[in-house]
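Taken verbatim from Swiss-Prot:
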type: ACT_SITE; residues: P2; note: active site, schiff-base intermediate with DNA
type: ACT_SITE; residues: E3; note: active site, proton donor
type: ACT_SITE; residues: K53; note: active site, proton donor
type: ACT_SITE; residues: R253; note: active site, proton donor
type: BINDING; residues: Q70, R125, N169; note: DNA binding site
type: ZN_FING; residues: 229-263; note: zinc finger
Amino acid sequence: MPEGPEIRRAADNLEAAIKGKPLTDVWFAFAQLKPYESQLTGQLVTRIETRGKALLTHFSNGLTLYSHNQLYGVWRVIDTGEIPQTTRILRVRLQTADKTILLYSASDIEMLTAEQLTTHPFLQRVGPDVLDARLTPEEVKARLLSPRFRNRQFSGLLLDQAFLAGLGNYLRVEILWQVGLTGQHKAKDLNEAQLNALSHALLDIPRLSYTTRGQADENKHHGALFRFKVFHRDGEACERCGGIIEKTTLSSRPFYWCPHCQK
C-alpha cells in the first residue's frame, strides 16, 4: 500500500492537472453520489488535501470528496477525450477542458459537507499528518510520551495511523534504522537523546521521501536524497556499521534491520 509521501505526490499531480479550472463534466459510479454530478459541474477544485492515506478533494461550493485507495484504488491523470486502456473499474471522473482525473477500483468514496468533515469516523481517528509542515518534533515528542502511546512497542505504533498519519512499513523500517532502535522499544523506556532523535526522524524521513524519492543524486551528496538504507536490503552490509541486514516479521509485516547497530 502506498504510504504518505506517495499519496501526497499523487495529490500534487492531480492538483496540477485540474486545480482552479471549471469542471466541465463530473461522473460517479455509485448511486449515492449521482446527485452530486450536476452540483459539481461548473465548480472548481480548490485544493486536494491528504490525511495520511486518504484524499480530500475540496470544491468551490463547499463540498469535499473523500476517497481512500486502500489496496487497489489508483488515481490517473489523462488528457480530456483520451480513452485509457485498462481493465480497472472506473469509480470517479472529474473533467476540465484540457485535463481529466480518474479514480479506479476504490470502494471507500463519500461526499462530505464542511460539518461532516469534522465528524467523519476515519478523519476523527487519524493522528496528525507527518507531511503537515505545521507539525513540529516537539509535538511528536509529546505525542510519543502521551498516556495513549507511551507504552506501545514501536513495531506496531509506527504503523498505527491514529499515532501519526502517513507512516507505513518502509517508513517504519527506515526511521528505526536511522535512530538505531529495534521495534520492541517503547517511548517510556527511551532517554532524552533517543526521544529527540526519534521525534525528528518521524518527520524528517517521510518529508525527505516526499521531496526527493526517485530523483537522481547528481551531486553525490550523501543523505541529500531519500533512498532505502535497510528496506528490501536483507543480506547486504549495513552502511553504518558493516553488519549484515536481516529480514524478519514484526506486527505481521516484513521488517528489515541491522542486529549489529540497532539495539
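Backbone N, Cα and C atoms are what each Cβ position is placed from, and that goes for glycine too.
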Lying 6 or more residues past either end of the zinc finger (229-263) yet within Cβ distance under 8 Å of it, the residues of that chain are 155-156, 159, 169-170, 172-174, 176-178, 180-183
If you measure C-alpha to C-alpha, which of P2, E3, K53, R253 (active-site residues) come within 10 angstroms of R125 (DNA binding site)?
none
Let me know the model's mean pLDDT on the zinc finger (229-263).
95
From E3, K53, R253: active-site residues whose CA lies within 10 A of N169 (DNA binding site)
E3, R253
Looking only at the zinc finger (229-263), what are its DSSP counts of helix, strand and coil residues?
0 helix, 12 strand, 23 coil
Nonlocal neighbours by CB distance (under 8 Å) for R253 (active site, proton donor), same chain, sequence gap 6 or more:
L159, N169, R172
Could you tell me the C-alpha distance between Q70 (DNA binding site) and K53 (active site, proton donor) in angstrom, no decimals?
8
Three-class DSSP secondary structure - Q70 (DNA binding site)
coil
